[in-house]
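For reference, Swiss-Prot has these:
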type	residues	note
COMPBIAS	321-333	compositional bias 'Acidic residues'
DISULFID	Cys32-Cys55	disulfide bond
DISULFID	Cys95-Cys106	disulfide bond
DISULFID	Cys100-Cys116	disulfide bond
DISULFID	Cys118-Cys150	disulfide bond
DISULFID	Cys122-Cys143	disulfide bond
DISULFID	Cys132-Cys164	disulfide bond
DISULFID	Cys173-Cys189	disulfide bond
DISULFID	Cys192-Cys225	disulfide bond
DISULFID	Cys207-Cys239	disulfide bond
DISULFID	Cys245-Cys256	disulfide bond
DISULFID	Cys250-Cys267	disulfide bond
DISULFID	Cys274-Cys295	disulfide bond
DOMAIN	30-103	domain 'TB'
DOMAIN	186-241	domain 'Kazal-like 2'
Amino acid sequence: MVRPRHQPGGLCLLLLLLCQFMEDRSAQAGNCWLRQAKNGRCQVLYKTELSKEECCSTGRLSTSWTEEDVNDNTLFKWMIFNGGAPNCIPCKETCDNVDCGPGKKCRMNKKNKPRCVCAPDCSNITWKGPVCGLDGKTYRNECALLKARCKEQPELEVQYQGKCKKTCRDVNCPGSSTCVVDQTNNAYCVTCNRICPEPTSSEQYLCGNDGVTYSSACHLRKATCLLGRSIGLAYEGKCIKAKSCEDIQCTGGKKCLWDFKVGRGRCSLCDELCPDSKSEEPVCASDNATYASECAMKEAACSSGVLLEVKHSGSCNSISEDTEEEEEDEDQDYSFPISSILEW
């Protein structure tokens, strides 16, 4: 009986496949992380069983990789108790081929590590003077505003050229936007939709702080822009001839505050907690009393049930540069926070 002979080629092929499997397994044994912390450890696990090449192909500057093939329990301990994974290898050691995105550039820091920093392109900016931002703050120029937007305020835009003002007198709003003065006498540029559709439901009616019923929020916005000052919302529904706050039903957790100056009620939020901060600016209220902040004034109004409004920033003993204009407009001061305009 003749026994079959094993072919040496088959054994070599088997060994070759086994080596290939072990090589692939070794290449995929690492873990990919989204950043390397200051303590040198990898944090925020992105994906397991990735090679360094696969992990670093994402192009992110902060992406890092660890070689150890560990179980889920070890990964959990690293992330929760140890401040991250040890033996962290950053994907990028230099700024070569690093894409930080628009408005940013890669630069080596003091520790000789690549970092994305804000570096907006300001070469095409023609206006070199100060600008007023959407946050109501004055920036020394548009480039400084762009840097602030890059760092922490992605929605920040230029409202108008020049310093932020207290009146609309010298404000030139861009495009079709209109200047409106808010409750604290700060000028804002607001874009309004002048074409308002007819209301489809009686629930759309709104009563303005001027005692006028508006068909919808759009109609109230339009009237605000035409007036040039904030009208504000008194309460939802048609205006009624109320004798007191007992006749007015407020919704959304609001409380009725009575305005003795015009003999009307207004629904206001009264659940705001005032922060214990010395950085708040005092305000002079319509009762000629000085409050530590606008929030403190609102708190006093909610406690008494009587509407209080800001006459001007600062103490009532201080002289406002716009006193004359405020006195001229006193009879038509239907001011309201700018946030109420932008919400609609």
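From the backbone N, Cα and C atoms, a Cβ is placed for every residue, glycine too.
Computed over the domain 'Kazal-like 2' (186-241), the whole-number mean pLDDT of the model equals 84. Across the structure, Cys245 (disulfide bond) and Cys239 (disulfide bond) place their CA atoms 13 angstrom apart. The secondary structure of Cys245 (disulfide bond), as reduced to three states from DSSP, is helical.
Within 10 Å (C-alpha to C-alpha) of Cys250 (disulfide bond) lies none of the disulfide-bonded residues Cys32, Cys95, Cys100, Cys122. Taking the C-alpha positions, the distance from Cys95 (disulfide bond) to Cys150 (disulfide bond) comes to 19 Å. Working note on the disulfide-bonded residues Cys55, Cys95, Cys274: by count of other C-beta atoms within 10 Å of each C-beta, Cys55 ranks first. A 10 Å radius around the C-alpha of Cys118 (disulfide bond) takes in these disulfide-bonded residues out of Cys32, Cys100, Cys106, Cys164, Cys207, in sequence order: Cys100, Cys106. Residues within less than 8 Å, Cβ to Cβ, of Cys143 (disulfide bond) and separated from it by at least 6 positions along the same chain comprise Pro120, Cys122, Ile125.
Look at the domain 'TB' (30-103): DSSP puts its residues at 14 helix, 19 strand, 41 coil. With the fewest other Cβ atoms inside 10 Å of its Cβ, the least crowded of the disulfide-bonded residues Cys122, Cys192, Cys225, Cys239, Cys267 in this structure is Cys122. Among the disulfide-bonded residues Cys32, Cys55, Cys106, Cys207, the ones whose Cα is located within 10 Å of the Cα of Cys100 (disulfide bond) are Cys106. Cα separation, Cys225 (disulfide bond) to Cys32 (disulfide bond), rounded: 53 Å.
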